[in-house]
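Chemist: After the structure tokens below, expect a handful of questions from me.
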Amino acid sequence: MKLTPKTATLLVLVLLVALSPVLFPSGYYYRVGALIFVNAIAVTGIVILTGYAGQISLGHAGFAGIGAYACALAPVHLGLHPSLALVLGAAISGLLAFLVGRPILRLKGYYLGVATLGFGILVSMVLNNERQLTGGPDGMEVPDLGLRGLLKDAGLDLTNGQFWYFLCGIVLILGAWLALNLFNSPTGRALRALHGSEVAARTVGVDVARLKLQAFVISAVYASVSGSLLALQNKFITPDVAGFMHSIEMVTMAVLGGVGSVLGAIFGAAVLTLLPQVLTVFAEYEQLVLGLVMMLVMIFLPQGLLPSILRKIRGRDE
Amino acid sequence: MSVLLSVEGLGISFGGLRAVNEVSFTVRPGEITSVIGPNGAGKTTLFNMISGVYRPGSGRVVLDGQDVTGMAPHLLARRGMSRTFQNLQIFQSMTVLENAIAGYHLQERGPVLADLLGLPSSRRRATQAQDGARKLLARVGLDRAAEREAGNLSYGALKRLEIARALALSPKILLLDEPAAGCNAVETEEIDHLIAEVARSGVAILLVEHDMKMVMRISNHIVVLDHGEKIAEGDPASVSRNPAVIAAYLGTDAETGAAHADG
């Protein structure tokens, strides 16, 4: 039996999430794993926006910020359970993406990049400046999700690291499943079509403005959920989550791994989350080596790490 | 037979330059109407105005009795207008089959939530479109290339793929912008047959073409443009004898004389 790419990708993901802990030398690695998954969730959204629809955003950390601060603020001010705060954050992010996306998705290429950049900076400025509400640059505490306690009562006793590792892993698998469903669906096909040629997509009846907006909203929700999980996991949040560097990180992870494929982008998230930890041996030259690695990948493997590697392997088979 | 598309006094200027001026003609179902003219005569510009890519500066486009002047291309698609492009506009990184399925967008589209969740309704829509697309690919002789990436196809095959994608909309009118440009004799003949067959099925065809032999062979009606103006109109025989047309294609006596002097 031949596996469809969708089933194969999901299978790989499930096995990775379930079996990786066997190799963990210490509990610390659960935390690294959870961080990879959190990043990978946001990057999966970027795959839908950039890989499928061909639209660029340099401001998606803004949505991560909204998701993160929703989990910090809504439980305190609205009395919502943190899990509902995550849902509220996703809804606000989606709505905001809808409102912001309408005018700016008319722009193309660099112009769209700059406009989304402006949006991200705006969110980051609000979070930094509204001290009474957000604590400003010092950040603020985030209430406990409380789910781990419930699991313990039910007889499943996980360490904090294990709990977040598996929770984020499950959310990532869910997110990847949705993105893979979309890829081969009528909507996904229309998104990829407008990526290939906007004018041709229009002539086959694709409402280009509407579809770009859908992709933008969906990817914003991914970023928001990623931000929420980060906040809930760390129990503390600063405006850095909405910062420019975080936006760039998301796009870099997606492009480095291979923005056209869900698995590739997740691979990119893993590499760029792990690399700084590995590169600490270079001490003060860490950033330099990181930049060098990224440049070399883009020069020699322009399709991204995973697609290029897979192509090499397949090429040898044939 | 009744008129399907009527172009009434269509005109447009680019930066003060009148690219197309006061062009009028009609297109009927089942007929092949060709627009010809020397390079830069405004043929593609005219096409882009009719298909909603450019908004006309003056005049009207009436499709099936309704004014559709300046209407967005995706709305024209819903009203039964479909087109191909002079410079291929293929979805390069998608497979041949996916390109053809994309033509069924209006039939297969549905709620985005159903598509995200992979609901049975979404899969049913996709499967129906896929069945239609496979039949269309067989019709244009591309069924064996279905799973290949479109970017790897030969030029002639891509031209046919574009026509297949346009036919997927089951259009009432099909606009073909130089469908045989860059094709060899065999490919041209294949496309030739395909167009004639589509016209026979009752679709109105509006054609811009450089290949004179092809135009004369398959057209029912010919509109001749020169410098953005309509200079002649009629059946192939009468157009080919028209002195204004001959002058436009071969140059007027004065120009010919000057060319000789230069040479």
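Cβ atoms are placed via backbone N, Cα and C, with glycine included.
Pulled these features from TrEMBL for this protein:
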{"type": "TRANSMEM", "residues": "A:35-54", "note": "transmembrane segment"}
{"type": "TRANSMEM", "residues": "A:61-78", "note": "transmembrane segment"}
{"type": "TRANSMEM", "residues": "A:84-102", "note": "transmembrane segment"}
{"type": "TRANSMEM", "residues": "A:109-127", "note": "transmembrane segment"}
{"type": "TRANSMEM", "residues": "A:163-183", "note": "transmembrane segment"}
{"type": "TRANSMEM", "residues": "A:254-275", "note": "transmembrane segment"}
{"type": "TRANSMEM", "residues": "A:287-306", "note": "transmembrane segment"}
Chemist: Using a cut-off of under 8 Å between C-beta atoms, tell me which stretch among A:35-54, A:61-78, A:84-102 contacts the transmembrane segment (A:254-275) the most.
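Modeler: Per the Cβ count, the answer is A:35-54.
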Chemist: Which listed range (A:35-54, A:61-78, A:84-102, A:109-127) shows the maximal number of Cβ pairs under 8 Å with respect to the transmembrane segment (A:163-183)?
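Modeler: Comparing A:35-54, A:61-78, A:84-102, A:109-127: A:35-54 has the most Cβ pairs near the transmembrane segment (A:163-183).
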Chemist: Using a Cβ-Cβ cut-off of under 8 Å, list the residues of the same chain that are 6+ residues beyond the ends of the transmembrane segment (A:84-102) and lie near it.
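Modeler: Beyond its ends, the transmembrane segment (A:84-102) has Cβ neighbours at 63, 66-71, 73-75, 78, 119, 209, 212-213, 216-217, 219-221, 223-225, 227-229, 232.
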